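These features come from TrEMBL:
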DOMAIN    68-182  domain 'TFIID subunit TAF5 NTD2'
REPEAT    391-425  repeat 'WD'
REPEAT    494-535  repeat 'WD'
REPEAT    537-578  repeat 'WD'
REPEAT    579-612  repeat 'WD'
Amino acid sequence: MDNSKESIERLCHQFLPDIVDLLRFLRTYNMKETETCFRRECHSLVNTLNKTSVTNEDQSIPNSINVNDYFVVYSYLSNFIFNSPYQIELMQFLFPLFVHLYLDLLEHNYINECQQFYKQFVHSTFYSLHSEFFNQLKLISQSSKHLRQCTLTKAFRTSRFFLRLSMTSCKELQNFIDYTKNLTKINSQFYLTPSQISLLLSIFQQYIKVDINQQIFTSSNIVRYQTSEQPMTPIFVHTNLANKIQFTRLYTGLFPLQSLPGDSNRSSAQYSQLNRGDLSSSYPQINYNRLPNTNDLNNIPRLGPHQLPSICLFTLKNSKQIINCINLSNDCRLLAVGFQSSEILICSLNPNNKLYSMKSTKELRHLLNKSTRNYNLDTTSFIETSNERVLIGHTSAIFTLAFEPTKQTYLLSGSQDCTIRLWHLTIWSCLIVYKMHFQPILDGKFNLEFSLLFFLLISVAFAPIGHIFASCSVDGLICLWTIDKINPFRIYPEYGYSGPINLVVFHPNSNYLASAHNDHTIHLWNIQNENALVRIFNGHRHQISSLCFSPNGHFLISGCWNGEIILWDIQHNLQIAHLFLHKQAISSIEFSPLTGTLLLISSIDSTISLWNCFMITKIYDEKLTDSMNKNISSHKILLNVFKTKNIPIFHIKFSKENILYAIGLTNE
């Protein structure tokens, strides 16, 4: 107690001169209300310090808890789960239960028991699923003082684990808990005491949130290609964010839902609600063609399993600078390359399509020496043509590029200098500099095997309607912008730090935004509402490197560093297919235009794989209805594999003519 008083007095003497100077400043400028508020806060601070000194003395004596209850509860639940037919889903409960029982023992200064608990219950299969967290938990088991300073334990205590169960698994768990409550020492040899049951239920109610899928548990519905079934793993999100997750039905139509402020059918109450919460009225309205003309549709070749697309591969070589990122415009006429030296190179892929720009003033100075009365100026003398343009403006390495999808006259670039720049591709200059992120705008990074060359995927993405774009960074923030404003109109997430975010992709109707996080999860946000997290997709074991929505808006496909590919049903948050063919990171994913029946995936292992997406969904639907056709085999979902000699593929894009353009890098 004396030591705590001495520390309080030491703090008071340390900050007393500053407090006195601040009070004098407030008094000289007659800020009476601020002065009284400040004095009140100083008194409350001293009182809280005195209380903490007393509580710290009381907490030095460990609370009386039954340590054996922690061992019994965990072993009892783990035995039930490993003997259950629904083990794959129910294994999600073991990790949150282990974490919070482990932290409780640490908080009560049972260090030896805590280490014994760790050694007894961490087995190989369980450890492999959460190896990153187990390594950090083992380090803080030396003393309870480490517990207060560890950011991971704070994240566990202020978050809730998010679990997804089928209706069958949930009923199985509920029946087990009810059965356990009714057991007594007379009825069974293995039973739980009331204190042990309350310990188990308290962790379930305080730290676990369950999303129940209204379907029967079936372990063989997922369409697999060279993959095996793995246990599901839980994720943890901030408590406030977990309570606000909306599992409402998604609008997966192709056209944006735009709320026009000039609609006469709306009531005044709807207008007031719109002004308070919904910011969609502040979006700049834009006229867009909802459907292409019939003539254009007739000219586009129909792709399918019997009519595969043509592939045109461009290879970048002999580069004098380090290439960081690559992107193609929607019409596949322009190629943008970002360099480590902060420069951006714009190339025309068609030699006949020149890039036009105005000549410099030095080159046009000769016009001033001639009389312009009887002189007809030639407009071509003002214009300079070339196949390449260089954009200079950033002060550090370029890590992300994105073309505007509608008119394709704008280019976004993100850099290590924490800024985003909007470039005009007619005057070849920067229009706006966006500043919000406080850490570099980076993404999933592929370290290649040759000569300091690396590639980063896009972390800045335009919405299909064109005037809205999103950015993400390692600072854990997702910002939504309009091209005519220098400040974002949405920032995700509001609660807590979600860790570095790798990339963002818009839904085809521009109402939803998918973000890939560093914890191997995908979050789906409804950008029409503030902080509306509507889905969390969990299934990858490695960092996600690529995302893409299907043209009809019903599916989302994701690829990760180890080459694994997962196809998701975004409406029901279900995994449709697990595909594993590539041996290295997935760099880009594309669906065939309009129909989306074909799926093309590129990897840095120098291959492009072509999949029959229609057959994948057909097999999945037949598995659900138990009408599986025996003639359908899994090899029919893979149509072809295109290989290069030794050129890693880093970007692919479908043109309007249904030609697949691919960009590769080589080091010569």
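Even glycines carry a Cβ here, placed using N, Cα and C.
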Integer mean pLDDT for the repeat 'WD' (494-535): 83
DSSP residue counts for the repeat 'WD' (494-535), split into helix, strand and coil: 0 helix, 22 strand, 20 coil
Secondary structure content, the repeat 'WD' (579-612) (per DSSP, counts of residues): 0 helix, 20 strand, 14 coil
Summary of DSSP states over the repeat 'WD' (537-578), given as helix, strand and coil counts: 0 helix, 25 strand, 17 coil
Structural state census, the repeat 'WD' (391-425) (DSSP three-state): 0 helix, 20 strand, 15 coil
